[in-house]
Amino acid sequence: MGKKDKRWVLQRKKDPYYNLAKRKNYRSRATYKLFQLNEKFNIIKEKNVVVDLGCAPGGWLQAARDMTGEEGFIVGIDLQQIKPLPYENVIAVKGDMTDEETLKKIQDILPEKPDVIICDASPNISGVWDVDHTRSLELTTMALMTATKMLKKGGNFVVKVFQGDLFYKYVELVSEYFDKAFTTKPRASREESAEVYVIAKHYNGKKFNMKSKSDIVKLLKPQDELKREESALSLRKNISDEDTGMIIKKIKQLRAKKD
């Protein structure tokens, strides 16, 4: 085990939320983030129907089950196969939240439209701030799109976002579809983490507008060249710092070209 790995293991052992989650048989320390968010904003209530986007390893599914009780209903979706939880009213589906067939499958499972959609998913981290922020926004905007397809009117939405230049543009976009939007960082988030949570309440029923002039929506428009540049960046072990800087600059230029 390398020095970095040893340091990480030691830090984790000292982490009160990691130890508490282990004692309580929760699958992730992130479980306590949702507990704290709900304590502050009253997002999930007893008997609610909840959908968890990017639910692996299942910590938020467990938290949502504790909040909704036996009469609630929770469905999680993730690209990974999730080990089933011992509750009849918690179901995990392997699939892509952007895939219409997967969404149809979830809608068929649900007893009614969800009251709440939650998303604690993270993109693949490159270690380059600009790229990670962009990937986070792409992922969270896809989560917002999914929320507008599934949520019942008046429903709530919770999503994790990485801070960066366009963070408040994302909050503005969320505000187009919800009556209220808040930003917060729960106590269980690590101090050094760039993550922030957006809490959106009372969905107004509007469907996602792909023709929006929002800078955030522009990020979703496909551009093969941008993908190729980001793929090159993911292999940057063999790329010099100077070349990495040039790639980031190119990504910004390509992003600026989008209509």
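Counting begins at 1 with the first residue displayed.
The backbone N, Cα and C atoms fix where each Cβ goes, and this holds for glycine too.
Feature annotations, courtesy of Swiss-Prot:
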type	residues	note
ACT_SITE	Lys160	active site, proton acceptor
BINDING	Gly58, Trp60, Asp78, Asp96, Asp120	S-adenosyl-L-methionine binding site
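Annotation note: Trp60 (S-adenosyl-L-methionine binding site) sits in a helical segment as assigned by DSSP. Across the fold, the C-alpha of Asp120 (S-adenosyl-L-methionine binding site) and the C-alpha of Lys160 (active site, proton acceptor) stand 5 Å from each other. Here the CA atom of Lys160 (active site, proton acceptor) lies 12 Å from the CA atom of Trp60 (S-adenosyl-L-methionine binding site). The number of other Cβ atoms within 10 Å of the Cβ belonging to Trp60 (S-adenosyl-L-methionine binding site), over all protein chains shown, comes to 29. For the S-adenosyl-L-methionine site listed in the record, the two most distant Cα atoms among Gly58, Trp60, Asp78, Asp96, Asp120 lie 18 Å apart.
Packing around Asp78 (S-adenosyl-L-methionine binding site) is summarised by its Cβ count: 21 other Cβ atoms lie within 10 angstroms of its Cβ, all protein chains included.
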